[in-house]
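To start, the structure under review is shown below, and the notes come after it.
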């Protein structure tokens, strides 16, 4: 039986969030609605989730000693990682000492780098994936590319949001793709994965919730990426019944293997009735921002319920929906957003501005959401709203 105490009192139910981006911000809001005391931790001050948490700490989360000090001081009932760049070995130690890591410390450790999760999916669970090789040196990387052939994809084993990821079409791309992968890794230069290119029709995120009542699959989310970064997403993605059933089979296999409770974003490639596993995040997914307008319970609300051991009897879909990112390029610590009235002038639209404290280059600063009679109409509406927003530096 779940019991939630009073925030900022001796009975408080405390959640410590590791990583305070826009996804974490929505998780904090949902936890706050359920009366949970939330402590937010990230490497920089005034991150989005810090702005809505009870209190916050600025810590390099790859520093296990510093991370442990904060967790031991706060004594949270739940530790909820929101990003990959965390000292996962420390989380494993803390879990062994009695702390609860969501969904599990092992899941966080396996998914923080592409090697752990790929080997689990392909070699232990025998799930369909692209052919792949790992490489530590340029020589091994060049051999992997030669073996897999063109086109192929190279990614750092540790990165997120498409950083360091590129498509190779010929030998002319070899050096620049290697250099780009070395620059884009979360932990600096290092190991890469080279993947054979799959001739897929579309890719989906199957948001999968492990909760006290079992496993719930949300309607598949389609999305469009540029340079490995999400630009727009929509729900539901049209699929054949066979492809949907296979997607759910793959998602259940990998989330069962990871264990624990919470929402997982399972990324899959689809062609006809064929499905290939790509990646999984043991937390809400950026493409799942569309659920803020498409469902009665967003992915963030579902994550909060699952964490706390609360039931999820049903998730109601409101109809075809879409999200389109607000992705300006500039340099500022005082960004402003104008023309919001025009962006919200159509029915069934919404905007989330993330409140990121600075921009230095291209950065996702918000998202526009829309519902309509069809996915195509919803996508067009969300894109119109996004394009209407004027970003001032």
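These residue numbers are counts, starting from 1, taken along the chain as shown.
Every residue gets a Cβ built from N, Cα and C, even glycine.
Site annotation (Swiss-Prot): N(1)-(5-phospho-beta-D-ribosyl)glycinamide is bound by 22, 23, 286, 356, 363, 364, and the candidate from 82, 84, 219, 226 recorded at this site is 82. Listed in sequence order, the residues of the same chain lying 6 or more apart from residue 82 (N(1)-(5-phospho-beta-D-ribosyl)glycinamide binding site) and placing their CB within less than 8 Å of its CB are 17, 18, 19, 20, 21, 23, 24, 27, 49, 283, 284. Distance between Cα atoms for residue 114 (ATP binding site) and residue 286 (N(1)-(5-phospho-beta-D-ribosyl)glycinamide binding site): 18 Å, as a whole number. In three-state terms derived from DSSP, residue 162 (ATP binding site) belongs to neither a helical nor a strand segment and is classed as coil.
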